[in-house]
Amino acid sequence: MNYGVALFPSKPLQDLANSYRMRYDPHYTLIPPHVTLKEPFELEEQELPSVVKRVREIAKGVDPFPLEVYKVDTFYPVSNTLFFKIREHSALTELYEQLHTSPFKRNEKYSFVPHLTIGQNLSYDELSDNLGRLKMKQIQHEEIVDRIQLLYQLDNGSWTVYETFKLGKEE
């Protein structure tokens, strides 16, 4: 089965992202807006308990942190994707790095660019038209992230939460 690790932002930020995703993201119905921390990876059922334990350990080792969206950007020419760019933060990078150490395989295709996808698989014309329009908008949002999620993929291609892990040491 396929698994992944992501963080889901607050409802206001998800609503803002979805206002674009419903039109520009063919994966809109498969998963809510999220920040991918670990690309999809395959696990056998007997491997799941040790992975859950490791994700829990990683989450406990990273304190809650600010998530700041500050502009719209694109991965063009690598891919015709539009996204809300997220300001880098050491805790976010730490989570990403830890989720790419043993027992996890390094399966990332690209270097880590914190972002929230709002459009993908766009034609060049769609990308350039929308990028120009969206760059004129003032996109500014900040919130505190205090949890991450282990997800699994259903047979229909959609993703659902397997378990949620609170960041930082429990008091």
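Backbone N, Cα and C define each Cβ position, glycine as well.
Note that the structure is a prediction, hence the values are computed from the model and not measured.
Record note: among 51-54, 55-58, 111-114, 115-118, 115-118 is the stretch given as motif 'HXTX 2' by Swiss-Prot. The range from 22-25, 34-37, 66-69, 74-77 that Swiss-Prot describes as motif 'HXTX 1' is residues 34-37. His34 (active site, proton donor) sits 8 Å from His115 (active site, proton acceptor), counting Cα to Cα.
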